Amino acid sequence: MGLKTKKAEVNLVPVPPDGGWGWMVVIASFLIHVIADGFVYSFGTLADDLIKEFNASNATTSLIISVLTGLTLGSGPLASAICNKYGCRVTTITGAVISLIGCFCAFMSYSIYHIMFSVGIVMGIGFGLMYCPAIVVVTMYFERWRSLATGIAVSGAGVGTVVFAPINVYLSTNYGWRYVFVATGVAIIICFFCGLVFRPLKFELVSDEPIAIEPKNEPIIELTTSGNRVEPDQKRFSKESTALLSPVSEPGEKNVEVFEVRPARSLTHLEPDEEGQAHIEVGERESGFINRKDVFYTGSIHDVEEFREHPVKYRSTGSLSKEQIAARKSIGSEDVVQDVLDTTGEENISRTVNRMLDLSLLADPKFLLFSFSNLLTSVGFNSPLYFLPLHAEQLGLSKEQGSSVLAFYGIFNTVGRLLFGLIADHRIPLPYGIGNDTARNRLWIYNVSLAICGIITMICYMFNGFFELTVYGGLFGFTIASYVCLTSVILVDLLGLEKLTNAFGLLLLWQGVGTVVGPPISGYLADITGNYVMSFVFCGANLFISGIMLFALLCCQKRGFFDLDTNRKTLDQKY
């Protein structure tokens, strides 16, 4: 009796080590966040020098940071597509080289518009190419410890603010603002070597159903049965050919469909695993990561019910059906494998961008509401950091004290990122079991944090001393951390893992637009009022509204319009 044909798929699946070299990858990603985010978040320490040097307005000078952050985020879909085709290592190194060129151009600049181009556009593109793979590569290397690994990596942003703020002030005070770009250039060289650490993962071809690829004419591999498994006779196994085997459900003699195979350099035979999946090891590959549906998910992926039910589907970066394999009987195994690979990193860059920016998702009211909230958050996020040192100096504080306020932001932002990442996947012990729904908990934490962040930013003008401003800096850093940590997790709670890549791509565009618009408006308000009070009120109002408006999602869930917790039901029921 021949083997029955089923609608099976061969999936290209990366093999995450969940440790080992992965921790070196986490350290490298951490350092990239320290350098890239540290430079961005502490750029406000240079604002006064640039305003005086070029006799520029607040609105004009703030365009530098708005274009820089806007391009870093807005170029996310394009950076993801480049990463998908060429790999994390090449993309990171390319970004580091471009950023280094931007630093050199900024050092040589003699116009505020030259700096706007070199820092805003050139370094913005370079940082965008480094930022994407620094996140993606950590999620690819970790599944079980992903939440911890990504938490450590992104906490580098807060550490970078603590490190760069005082260094910038020291260099600009003693040597001039140009030497800040010299120091930044040296730091970016470190990012180049961090990119080298992003070693490509090993991939396997995995099938959930019986599929066999084996020599058609000469039986180089002899099949024997052992219990309920079909195994190759290792004595007659040839290095010149490979077979993809799967377990047979019933013991006894079985005939296996065979296809002609030519020698394959990259393949080695692997036994079926305990879950009944057959494997062929493909070897190391650097591209195709963005095709994996959970690649932007920074939480504990094993807590997602969709992933636990269909792990191969959500790990897969490409697939080929059994019927497609059968249609290729006359070609070799290398060609079969190549057909699978052709659905991944080698695909057209524009196709990846189009998949991430599929506008049909905007028809989903949940996503539309969340993305508009994200836009408002982005409008109010960067400006307080940029104008905080200027506000401190206007109150009579020294540059060193202004940098210390930013340092407190960095310290508490690091604590917030680690803490929110830790509690996001756990139930909260509250009366009447109201903390048992982890998805609802996350949305509550996200909403309340942004609302508090908005309130304290609106009343920032009431903080007139060094101590009060450090308190504000710490509270702002801690509460805004939820925006960074919980965005991708909440997207999965709202839309499911299947739509995460598309949703995240569109969200990066919203964030890019928000960060471009926010600082110039805040700077214009500072120019027409002569102080930074209205700038902080404007930013705080955006943050407050962005948090409050999402309570509508909780109301809709309570009324049964949608289930916020579809991906976590089984997990919560276990407790």
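Sequential numbering from 1, following the chain as shown.
Every residue gets a Cβ built from N, Cα and C, even glycine.
Over in TrEMBL, the protein carries these features:
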DOMAIN    22-558  domain 'Major facilitator superfamily (MFS) profile'
TRANSMEM  21-43  transmembrane segment
TRANSMEM  63-83  transmembrane segment
TRANSMEM  90-113  transmembrane segment
TRANSMEM  119-142  transmembrane segment
TRANSMEM  149-171  transmembrane segment
TRANSMEM  177-198  transmembrane segment
TRANSMEM  367-386  transmembrane segment
TRANSMEM  406-424  transmembrane segment
TRANSMEM  444-464  transmembrane segment
TRANSMEM  470-492  transmembrane segment
TRANSMEM  504-526  transmembrane segment
TRANSMEM  532-554  transmembrane segment
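With Cβ pairs under 8 Å as the measure, the transmembrane segment (406-424) is packed most heavily against 470-492, out of 90-113, 177-198, 367-386, 470-492.
Cβ atoms under 8 Å from those of the transmembrane segment (177-198) belong to residues 24-25, 27-29, 31-32, 35-36, 39, 46, 49-50, 53, 87-93, 95-97, 99-100, 103-104, 106-107, 126, 130, 133-134, 137, 167-168, 171 of the same chain, restricted to positions at least 6 beyond its ends. Here the transmembrane segment (532-554) sits apart from the transmembrane segment (63-83); fewer than 3 CB pairs are under 8 Å, leaving out pairs fewer than 6 apart in sequence. Within the same chain, the transmembrane segment (21-43) packs against the transmembrane segment (149-171): three or more Cβ pairs sit under 8 Å, each pair at least 6 residues apart.
When each of the listed stretches 90-113, 119-142, 149-171, 367-386, 470-492 is scored by C-beta pairs under 8 angstroms to the transmembrane segment (504-526), 367-386 comes out highest. At the 8 Å Cβ threshold, with sequence separation of at least 6, the transmembrane segment (470-492) comes into contact with the transmembrane segment (149-171) through 3 or more pairs. Counting Cβ pairs under 8 Å to the transmembrane segment (367-386), the stretch among 63-83, 119-142, 149-171 with the most such contacts is 63-83. Scored on C-beta pairs under 8 angstroms, the neighbour of the transmembrane segment (119-142) with the top count among 63-83, 90-113, 149-171 is 63-83. For the transmembrane segment (90-113), the residues of the chain that approach it from at least six positions outside its boundaries are 32, 36, 50, 54, 56, 60-61, 64, 79, 82-83, 119, 121-123, 125-134, 178, 181-182, 184-185, 188-189, 191-192, 194-196, 198, 286, judged by C-beta separation under 8 angstroms.
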